[in-house]
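Residues or ranges marked as domain 'STAS' by TrEMBL: 484-605. Residues or ranges marked as transmembrane segment by TrEMBL: 144-164, 218-240, 261-278, 304-323, 344-364, 384-417, 438-466.
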Amino acid sequence: MKEVYQPCTTTDQDIVEKKECSPFRKKLQKYIPILEWLPNYQWKDHFHGDVIAGLTVGIMHVPQGMAYASLAGVPPVYGMYSSFFASTIYMFFGTARHISIGVFAVASMMVGAARLRLAPDIPISNSSDINPSVYPLGEYVDPLVFTSALTLLVGVVQIIMGILRLGFLTTYLSDSLVSGFTTGAAVHVFTSQLNKVFGIKLPRHEGIGMIVRMYRDMIMSLGSVNFVALGISIFGILFLDLGRTYINPIVKKFSPIPPPLELILVIFGIVISMIFNLDAEYHVKTVYEIPRGFPLPSIPRLNFLPALLSDAIPIAVVCYMFVMSMGKLFAKKHKYKTDATQELYAIGIASALSSFFPVYPVGASLSRSSVCEMSGANTQLYTIFSSFLLLTVILLLGPFLEPLPMCILACIVIVSLKSLFMQVKELPRLYRISKYDFAIWLVACLSTIFTDVTTGLVISLAFSLYTLVLRQQWPSFSTVLHDETPRQNVPENVKIVKFAGSLHFANVTAFQDDMGEAIGKLPEEDPLIDERTIILDASSVAFIDIMGVDALRDVFKDALKLGVHVFYCGLPEDVLSVLSNDENFLSVVPPSTFFPSIDSCLISFVHQQSV
């Protein structure tokens, strides 16, 4: 067994002895990366950084786990359970060294919306008197039973995506789409916390226009605001925001580890709650009860999994999207590689295995991952220390968290959204650079705000793909000015145009129309003027199909009838190879029509004119 799990590394000694790793060992290390990096762990160089980063991230896990759990519609402690199990399992299978796996706002919000719709909190005085049709799933389902089953299905979806090598699908989630979508989702998350901030009870809504209805209900309930909860919330938000803005930069000059502002606020909330008995005296809602001990595993309910599929797929995609975006960011910074397919397996296995406990789906947290990297993490080993701290809190310190006001957790969630809201600053730059990306951002944000998070993601993706079709169907066609060419002495009877896109069935009509318009703008045919010429810069034509080949042939033939010569410049080798294999094309368009560049075409043209 020791030989089987020996790391597959290549050293000078191995080369001398001509040792090679067995195929089985390579395969094992590919799917369980810890078997490769742990035996080669550099204890002297990496251990200290991993310990510090692990404890720092563990401290953040506690308040964030409790805060985000409320978004998912489950008791606060189950956010810590979710982070503990998933991050521990991910350590064995993941390839990203610096990301923090656990609960995060967007996925929590999506889980909460699904839970509200399919497993609502319906008061039951006598279950025998309740018609099963009242419940969307045909029976009352405990929220934790629901989220565990959803977590299992999310994990299975991610594993299947890994088997089918579908990691590439996230490339269709452009930066503009992700930014707009997460900003819209942040509006939902922010809105969902206002009832805790104001200390009022609000019904939860779902579907199109849900956020409008939530603000309507909130405005109508302002007369019953709990000013104690509101005062605590204002203090908490100011403390966290001002601390991050002014205190963190000062501390950063002396230490890479930021002060645990969230933990400090949690301790403050617990202390004042105990001193002033906020729950009983001022009706400030608190965490109230945290189960003692460790949850026992159980098999997730499988009978209603088909009903969860429509929610599981977008949640699986979003969770993976955050994992890969964070993973690639830090991998690029620290010059190591992440495996997109293996990350699907890693997060999928982490979700599937953790679903045997009361948990909900997780991904990578931006704030915790950033702190993890800044605190000096070097490998996934930091997870051991963050998980140990989480486990200590779960087993020993749970009762001490019961007096914590829920409005404190709302403050943590709201302040964590600041970076998402600041993405609005990207709009002016997007507008200047690409109107398509600007439109994608707006559609992603607004559709998410005015529908719900899942529907918003679907609309955003559909619109993004639609713009991709538009860009392919109507690529840019422009005139190259004479002072932009390699040679300044371009004759007036020569017009240079550029087609910026591949040439295929979807855009050949537009191409032919643009070329016809360019030919029509040439000077009228005159015996005193040399032959009229169109030079097409086709260097951007990376792909061509049969209709594109016919379009090039027809443009050349039709132009020739009008006394205009057309030259094609800069076509890639792959495109030229396609053209050279078509006898119909070669019978009309001579080889002298093609040039490797505009410059070479102009040289040939000027030379012919001088002869």
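From the backbone N, Cα and C atoms, a Cβ is placed for every residue, glycine too.
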Seg_contact(the transmembrane segment (218-240), the transmembrane segment (144-164)) with at least 3 CB pairs under 8 angstroms, min sep 6: no
Ranked first among 144-164, 344-364, 384-417, 438-466 for CB pairs under 8 angstroms with the transmembrane segment (304-323): 144-164
Positions whose Cβ lies under 8 angstroms from the transmembrane segment (384-417), at least six residues beyond its ends: 50-51, 53-55, 57-59, 61-68, 70-71, 76-77, 80-81, 83-84, 87-88, 91, 100, 105, 186, 189-190, 193-194, 196-197, 199, 229-230, 232-233, 236-237, 239-241, 244, 262, 265-266, 268-270, 273-274, 278-279, 284-294, 367
Cβ contacts under 8 Å made by the transmembrane segment (144-164) with residues that lie 6+ beyond its boundaries: 72, 74, 78, 82, 111, 114-115, 118-119, 298, 300-302, 304-305, 308-309, 311-313, 315-316, 319-320, 341-342, 344-345, 347-361
The domain 'STAS' (484-605): DSSP-derived helix, strand, coil residue counts: 53 helix, 23 strand, 46 coil
For the domain 'STAS' (484-605), mean pLDDT (0 to 100): 87
